[in-house]
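S.K.: Input: one structure, supplied below.
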C-alpha cells in the first residue's frame, strides 16, 4: 500500500542576523535565536556563576553562551549521541541510491582489507535483452551444436537424444530457477556462482565450488580451442581429408591458438568485448541457415549423395563417380589388400539429405551404438556382421570411439552450460531483480527449443549413416550440419569457427577474473598472489595460471575426452547452487527475501539430485575425482583458510541441527552407556587477564581428547558495566590459550560481585539443555596458606559443597603446573588409583581416558583399595580383579591392609592445634571494643587472683561488700564470667575425639600412599565430602607451612554413580631432569610422623 510523506524543511543556524539577511546570505535562521529572543521577552532570574544548582539557560543540549557557536545541523540533537553508530535515515537512503555491484558491506570490507579506495565506474545500464538474454544465448550455443549434435542424434537415435537433451535442459532450468532466487535476494558481483554459493553456503563450500567452476570455465576454453582447431584443420585448410586429425597436430596448433588468444586477452579485454557482437551474429546466421536448409528440403533436397559399397559407407574424396572404375578398383584391390568384399558387393549412391517428407525418421528413431574402429553400415541394407576396420580399410567411414549412452551425455552437457552469463553482469543491469530471472529462463527455454527442434530436424532430414559420420568424410569432408544448411555449407563452417573463437576468448577472459575474485576474498592462502594484476585491475597472474591449466586440456587433444571433464565441474557448481537455494528456503532466514517468487525447495532438491545423477551418468570416475578435488579444497579452507563470516546458510543449518539435537537430548534421560565426563573447567585469570594455569587446559584435552562437552569458565570481580572490556579481553585470551593447548570447547568469562557468586552461577547455568556439564575440574586453590582471612579456603569449600549439591563430579588437580603438557611423552610409569569409597567406577574411568592420549599412553594403571581388620583381603583382591575384567580394564590390583593402631602423639597434637586455631579464629572476629574489654577482663582477673592469694597467705578475712543486685547487673556479671572462662578454656581445652579419629585416618592414609605410590606419575584418590554443618568449615582444610599435601578430615559423603564423588589428582611439584628414566622427576610431599615434609622421587 503506497504511503505519502510530507517533507518540511526546518532551517537552523547560529547566525545572529535577521531572517531577511539570512535568506539573502543563503543560510537559514537559527532556532536557538528564535527561542532566545522569546526568552528575552519572558526573562526569568539569571544564575550567578558560582551557583551550585546551575540550570540550562536555553532549551538546547550542549548549549553555551559563546557567540561563535553554531547550531547548524542540530535539529536532531536528541539523537546526536547515536549518530556515530546509527546514521540518520537520510544518509542511509543516500548510500542506497548509489548502490554498486557489491553487496551491502562487501565494498567497505574489501577496502578495509586492501587499503585501497575503489572508484565506481559508471557504465550504461542494460536491459533484459542486451544484458542477460543475448549473453546467455551466446554462451549456451556453441561448439557441440555444430560439431557433435548430428553425430549424437545418429548414434543415440531420436528418442534417446531427446532424453539426453531433456535431462540436461531440465537440469539447467531448475538450476536457473534456484539461481534466480539467489540472485534476486541481493546483487551478485563479478564471480557469479562463486559469490552465490560462498555467501549462501559459507567460504568452505564457496571456495571449493568456486575453484571447480573456475576449472570448468578453464577447460571450457580448452574445449572451444580444440573445436576451433578441428574446424580449421578438417574443413578450412585440411591436410589429409581421408583420416582423423593426428593428436600431435591438435596439440601443436591448439597450443599456438591458446597463446594467440591469451595475448589478445592480455593486451586488452576491450577488443574481446568489441568482437562479441560479431561472434553472436555468426551463431545466429548459422542457426538461421540450418532452419532454412531444413525448410528447403520440403521443396528440393540438397544435391549431396553418399557412395555405398554394399551396406558400408565410403569416403568419396578420391573419386567423383560411385562406380567400379579402374581407379576405384585399384584403390580397393591393390597388391597389399584383398578385394573379396569389393567384388561381392555393388557400389550405389543414396541421398545424404532425403528431406522432411522422406521416411528416414523411422530409421533414425533407435540407437546405433558401436565399438571403436567398426565400419559404419546402413541398417536397411541386407544385414552383415559388424567388421572392425584394419589398416587396409582406409576408404571406409569408421567409428573412431566406442559409443554408449552415458558417454554421449557427458559430451553433450557442455552445450547447455553458460546460464551464469547474465548473473555475472548484475552490476551493469538497469533492473537486475527483474532482468536476471526473465532473461536467463527465456534463454534456457529458447535454447532448449532449438536443441529439441534440431534433434527432430536432423533425424527427419539426414540419412542415418551420414549422421553417424562424425567428421563428414562421406560428404566430401564437410560438417554434416553444413550439408543441411542453406545456402552453403561454408556458412556453418565460418560461423562455427568464429563462434568457437569467441567462446574461447570469453573463457580466457572470465576464468582469470573468477580466480581473482576468489583470491581477493582471502579464503585460500596460497591463491592470494593471483589477486594482484596490472594497475587497471587486469588479472595478469591469474591469466598465466589459466593459460597453464588450459594447456593441460589442449594436450589431451580430444574434444570428446575434454567435454566430460568440464561437465563434471559445471554439474558440481549447479548442484551447489540448487543446494544453496534449498537450504536458504528450508531455514527461512529473515534475510531470505528473493523478489523472484516462482521457486520452491522441492524444485531445488530435484535439480540437485539431477545434477548428482548426471555426474555419475557421464563418468563415475570423473565424478569421484571432481568430488575429491572439491573435498580437498573444502578441508584445506576449513583448516588453513581465513575465517569469514558472510551469514551463510550452513551456519544457520548448524544452528537448527544443534537446536534439534538439544531438544532430542532432553526428551529422554541419559543412559549409563552414553555417559562421559562433560567438563566445566574453572580457570583463574591473572592480573594481565591471561590464563593462570594453562596446564589445566592441557590436562583437559588429554582427558577429553576432543570428545564430549568442555566449557572453560572464569570469573572477574566487579560490575559488568565497568569490566565489560576486561571480560571480552579475558575471553579472547582464554580462547587463544585453548587453541594453544589444543582444547576443543567453549569459553565464557562472567563478571560478578564476588568470585564465590560467579563460580556458583557457572556451576548452575553453564551449558544448554541436554549439553550441560556433569563434572567440574579445577586447580587446588593457590595462596590459601597465606590468606589470613581464609577467603580462598571458604570459596573452595563452598565450590565443593555446591558441586556436590548439584550431583556433579569434582576433579581437583594439585600441583597442576607440574602436569605434562601435550608435547611431552611419558615413556613409563604408573597412574595409581586409590579407591577408598565406591563412586560408581568413575575413579577408574579417568586413567582409561587419560591413557587414550599419547602423553599417558605408555603408563600403566594400578588400583589400590583399603581393607579393614575384619575384611578378607585375599577375597577382596579376587573380587576386584573380576570387577575390572567385567569393566574391560587392564590394571594391577593391590589390597592395602590398614590395622587399628594407637593414636600417635603427632596425631593428638595436630588435632589439638587444629581446634585451638579454630577457637582463636573465632576470637579474632570480635570487635575492637570487645577485644579491649577482653584484655581488661584478663588483666583485672589476674590482679584479683594475685590479691586473693596474698590475703589468703596473710590469713586475713575477706571483707563482705553488700550490693544492691538488679537483673541487668546479674546478666552483665555472668557474661563477663563466661568471656573470662573462654580465654582460659582455650589453653586448657582437650581435642574432640571424632576429630582425633579423622586426623588419625588422614595420617595413616598419607603414610600408605607415600609408601606404595612413590614411583607413580599420577595419583588419583577419593576426596571426602564437605561437612554438612558449616560451622566446621574452618577445620575442613588442615594445613601447616611445612606440610605440602592436604590431610583430608572431611566427612565422607555417599557416592551416587560417580557424580557426587570428589577426588583429587596429585602430581608432585619438583623440577624434572632429563637424565631420569622417566620423562622427569616426580615427587610428592607427604607429612611424616614428626610433621616434617619428606621429598619422594621416582
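Heads up, the Cβ atoms here are built off N, Cα and C, so glycines get one too.
What TrEMBL says about a protein is an automatic prediction, not a curated fact.
The annotation compositional bias 'Low complexity' is assigned in TrEMBL to 15-26. The domain 'Amino acid permease/ SLC12A' feature in TrEMBL is assigned to 132-294, 404-680. The feature domain 'SLC12A transporter C-terminal' is assigned by TrEMBL to 812-1029. As annotated by TrEMBL, region 'Disordered' applies to 1-66, 1071-1098. Positions annotated as transmembrane segment by TrEMBL: 127-149, 161-184, 205-238, 250-269, 276-294, 401-421, 442-467, 487-505, 541-559, 565-587, 599-623.
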S.K.: Between 0 and 100, where does the mean pLDDT of the domain 'SLC12A transporter C-terminal' (812-1029) sit?
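M.R.: Per the prediction, mean pLDDT sits at 70 for the domain 'SLC12A transporter C-terminal' (812-1029).
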S.K.: Pairs 6 or more apart in sequence, C-beta under 8 angstroms, 3 or more of them: is that satisfied by the transmembrane segment (127-149) and the transmembrane segment (401-421)?
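M.R.: Yes, these stretches are in contact.
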S.K.: Are the transmembrane segment (541-559) and the transmembrane segment (276-294) near each other by the rule of at least 3 C-beta pairs under 8 angstroms (pairs 6 or more apart)?
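M.R.: Taking Cβ pairs at least 6 residues apart, the transmembrane segment (541-559) and the transmembrane segment (276-294) are not in contact, as fewer than 3 fall under 8 Å.
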S.K.: May I ask for the residues of the chain that lie six or more residues beyond the transmembrane segment (565-587) and have a Cβ under 8 Å from a Cβ within it?
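M.R.: Non-local partners: 171-172, 174-175, 177-179, 181-182, 185, 193, 196-197, 200-201, 205, 209, 212-213, 215-216, 219-220, 222-223, 410, 413-414, 417, 553, 599-601, 604-605, 607-608, 611-612, 614-615, 618-619, 622-623, 625-627, 630, 649-650, 652-653, 656.
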S.K.: Other than its close neighbours in sequence, what residues sit by the transmembrane segment (599-623), given a CB gap under 8 Å and a spacing of at least six beyond its ends?
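M.R.: Same-chain contacts beyond the flanks: 167-168, 170-171, 174-175, 177-178, 180-181, 406-407, 409-410, 413, 564-565, 567-568, 571-572, 574-575, 578-579, 581-582, 585-586.
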